[in-house]
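One structure is given below, encoded as structure tokens.
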Protein chains: 2
Amino acid sequence: MRHRKIKGAREMLLAHEDYAVAEDEAIGKDWDEFFGAQRPLHVELGTGRGKFITGMASNCPDVNFIGIELKEEVLLRAVKRARDKQLHNVAFIAGNGARLMEYFKAGSLERIYINFCDPWPKNRHSKRRLVHRGFLEMYKEILTQKGEIHFKTDNEKLFEFALNEFSDSGFRLRNISLDLHSSGFEGNVTTEYEERFAALGMKIYRCEAYL
Amino acid sequence: MRHRKIKGAREMLLAHEDYAVAEDEAIGKDWDEFFGAQRPLHVELGTGRGKFITGMASNCPDVNFIGIELKEEVLLRAVKRARDKQLHNVAFIAGNGARLMEYFKAGSLERIYINFCDPWPKNRHSKRRLVHRGFLEMYKEILTQKGEIHFKTDNEKLFEFALNEFSDSGFRLRNISLDLHSSGFEGNVTTEYEERFAALGMKIYRCEAYL
């Protein structure tokens with residue numbers, strides 16, 4: 001999907017210094033200090049307009065949430081959403097999910113959320129999928145010993161790929177849903193993308209992978 | 001599905017003593033002795049007309065295969081198929097898959113196949129599903145330390161249930177297919193039911209669970 005470039009989006013974004021952190025500033029940052037409170041840290045890769053992560057932050061005040069999103073003009077919407085909700089336990093990095101290792105210390109994340117990431121359907125691009133075993137090995141480094149990855153997609157092939165990559169990489173699986181919105185799963189926080197696709201009757205796949 | 005009762009099916013079946021074993025005789029049987037050769041033992045629960053297990057037995061002469069099937073008139077077809085193919089590494093028990101523990105010693109099976117078992121769709125019947133955790137605990141007892149369960153179904157809900165039961169019961173998963181016949185999976189041996197359903201364009205789900 002292409003997004004309209006907003007002139008000066010970067011400046012507008014970084015003006016919200018309570019919520020937005022530039023990529024370079026995120027490197028090696030002390031997140032407890034940033035939030036002014038030591039809490040478990042959950043990170044969403046590709047946070048988009050932030051519906052999911054601000055919803056989670058509302059529901060779980062005892063957790064610090066960080067959303068990572070490359071597109072600054074999209075992230076601006078997420079920042080405004082967090083500000084309008086007056087949330088104090090969520091922030092955003094205008095950066096690249098693949099650079100996670102630079103933003104967080106090894107063993108420091110309790111949970112990583114990957115929601116509706118790019119499926120990269122061609123086999124020769126499989127290494128770019130955020131659930132490829134290359135990334136999973138990286139996540140293992142950065143997760144706590146009991147760390148978890150929560151994964152959602154509307155792409156059946158990507159979900160099949162993810163289940164196998166998780167399993168082969170030594171993650172255990174639980175709460176696997178092949179049709180989330182018709183399952184009995186409770187407490188699901190939707191993304192904007194998810195709402196649109198579920199409304200069209202498309203299946204949503206979800207699982208939790210844990211160490 | 002109802003099957004035509006064949007008069008004297010039991011007698012006809014047990015006349016093929018190289019291939020068919022009555023339920024009572026299967027209890028505590030020495031299978032190495034029965035086959036006259038010590039080989040890894042693979043068992044299929046609900047073997048039907050035996051297309052799958054005789055196909056496997058043809059492909060893997062170094063493994064002993066046993067198919068369990070309750071319906072004697074159905075099993076008669078499986079026995080005839082094995083005899084026509086002159087297979088010496090496959091036999092059938094006219095018995096109940098749920099009584100596995102009586103037919104085999106603890107730690108004696110390398111692999112259990114569960115193909116297109118009854119999905120028992122109502123929640124209150126979930127314990128009857130052959131992939132319910134109650135059965136999985138039983139299979140664990142009877143499998144070798146590196147034992148495996150290979151599971152196929154055309155029922156999405158049952159597959160979802162199975163993935164979760166396997167995971168929660170401490171099995172690891174691999175080779176998960178959400179659409180087996182359009183996947184790149186090689187070496188699949190089909191059942192008669194599977195051929196019929198795949199031909200109708202229905203998806204076949206498959207996974208391997210291992211200890």
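Backbone N, Cα and C define each Cβ position, glycine as well.
Annotation source TrEMBL lists S-adenosyl-L-methionine binding site at A:Glu44, A:Glu69, A:Asn96, A:Asp118. According to TrEMBL, the substrate binding site annotation covers A:Lys122, A:Asp154, A:Thr191, A:Glu192, A:Tyr193, A:Glu194.
Positions of TrEMBL features highlighted on the structure.
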| residue | record | Cβ within 10 Å |
| --- | --- | --- |
| A:Glu44 | S-adenosyl-L-methionine binding site | 26 |
| A:Glu69 | S-adenosyl-L-methionine binding site | 26 |
| A:Asn96 | S-adenosyl-L-methionine binding site | 15 |
| A:Asp118 | S-adenosyl-L-methionine binding site | 13 |
| A:Lys122 | substrate binding site | 8 |
| A:Asp154 | substrate binding site | 19 |
| A:Thr191 | substrate binding site | 23 |
| A:Glu192 | substrate binding site | 14 |
| A:Tyr193 | substrate binding site | 19 |
| A:Glu194 | substrate binding site | 23 |
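In the three-state DSSP scheme, A:Lys122 (substrate binding site) falls into the coil class. A:Asp118 (S-adenosyl-L-methionine binding site) sits 11 Å from A:Asp154 (substrate binding site), taking the CA atoms of both as reference points. Classification of A:Asp154 (substrate binding site) by DSSP places it in coil, neither helical nor stranded. Calculated from their C-alpha atoms, the gap between A:Glu194 (substrate binding site) and A:Glu44 (S-adenosyl-L-methionine binding site) amounts to 15 Å. Residues A:Glu44, A:Glu69, A:Asn96, A:Asp118 are listed as the S-adenosyl-L-methionine binders, and the farthest two of them sit 14 Å apart at their Cα atoms.
Annotation note: A:Tyr193 (substrate binding site) sits in a helical segment as assigned by DSSP. DSSP classifies A:Asn96 (S-adenosyl-L-methionine binding site) as coil under the three-state reduction. A:Tyr193 (substrate binding site) and A:Glu44 (S-adenosyl-L-methionine binding site) have their C-alpha atoms 15 Å apart, to the nearest angstrom. Cα of A:Thr191 (substrate binding site) to Cα of A:Glu44 (S-adenosyl-L-methionine binding site): a distance of 11 Å. In space, A:Glu192 is the closest of the binding-site residues A:Lys122, A:Asp154, A:Glu192 to A:Glu44 (S-adenosyl-L-methionine binding site), judged by Cα positions.
Taking the Cα atom of each, A:Glu192 (substrate binding site) and A:Glu69 (S-adenosyl-L-methionine binding site) are about 15 angstrom apart. Separation of the C-alpha atoms of A:Lys122 (substrate binding site) and A:Glu69 (S-adenosyl-L-methionine binding site): 23 Å, rounded to the nearest whole number.
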